[in-house]
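Working notes, beginning with the structure itself.
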Amino acid sequence: MMLRVSSSPAAAVANHLSGGAAATTAPARVTAQRSGVSLSAAAAAGKGKEVLSGVVFQPFEEIKGELALVPQSPDRSLARHKFVDDCEAAINEQINVEYNASYAYHSLFAYFDRDNVALKGFAKFFKESSDEEREHAEKLMEYQNKRGGRVRLQSIVAPLTEFDHPEKGDALYAMELTLALEKLVNEKLHSLHGVATRCNDPQLIDFIESEFLEEQGEAINKVSKYVAQLRRVGNKGHGVWHFDQMLLQEAA
């Protein structure tokens, strides 16, 4: 027969104290957990701060190499950067091409503006073409200066002054000359683009493509249609006169 021993008052007190300790440990555990979360958050924040403040680009260190390249001589360009001599020379050549084309168109303008030719529409077309080619030359000159190059103008060849043709007449012959000249200018632009590509100059490549090549293609297409139309109307008479009137009324 087993006797059930009841807890002594001391044991009861101990149990009570033990229960009280357990009761008090729960809030302590929560507090500890909360502290752990706070510490984790702080650690994460510290880690993030470490990543954000990680040194990747040190401008004042890396700039030392570029600073040494800034020219001190007053006769040298301060803006020039990654612009080689071949590109500079090719741009000067293209400037000369554009000025020669402008000069040729100006001669055509003078011919058709004569009192004994008197095709005012053709004169207007060639005057506008001359102005456009000159603007192209000036645009190239501005770009040359912007990149730190030096503009060196070259000689311009004296153009033809007479454009009458025994078989084709002056109107068709002049427009065929124009088509050939536009294609030649386009070839020169492609050559300039090739130099820029070979020299790995993406800025010059973008400039040629965005400012010249698309417009040049449109000009070739436009003049091609003029040649086709003039071949249909014949080289003299009312057909040429009506074509001249169309050019006179056409917007630039």
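Every residue gets a Cβ built from N, Cα and C, even glycine.
GLU98 is the only one of GLU88, GLU93, GLU98, GLU176 that Swiss-Prot places in the Fe cation 1 site (with GLU133, HIS136).
The Fe cation 2 site in Swiss-Prot is built from GLU133, GLN216 plus one of GLU162, GLU167, GLU182, GLU250, namely GLU182. Confidence for the domain 'Ferritin-like diiron' (81-234), expressed as mean pLDDT, is 98. Listed in chain order, the residues near the Fe cation 1 site other than GLU98, GLU133, HIS136 are VAL97, TYR99, ALA101, SER102, GLU132, ARG134, GLU135, ALA137, LEU140, VAL185, each with its Cβ within 8 Å of the site Cβ centroid. Geometry remark: GLU182 (Fe cation 2 binding site) versus HIS136 (Fe cation 1 binding site), CA distance 13 Å.
A C-beta separation below 8 Å, combined with a sequence spacing of at least six in one chain, links GLU133 (Fe cation 1 binding site) to GLU98, TYR99, ALA101, SER102, TYR105, VAL185. Taking only the Cα positions, the spacing between GLN216 (Fe cation 2 binding site) and HIS136 (Fe cation 1 binding site) is 11 angstrom. Cβ neighbour density within 10 Å is lowest for GLU182 among the binding-site residues GLU98, GLU182.
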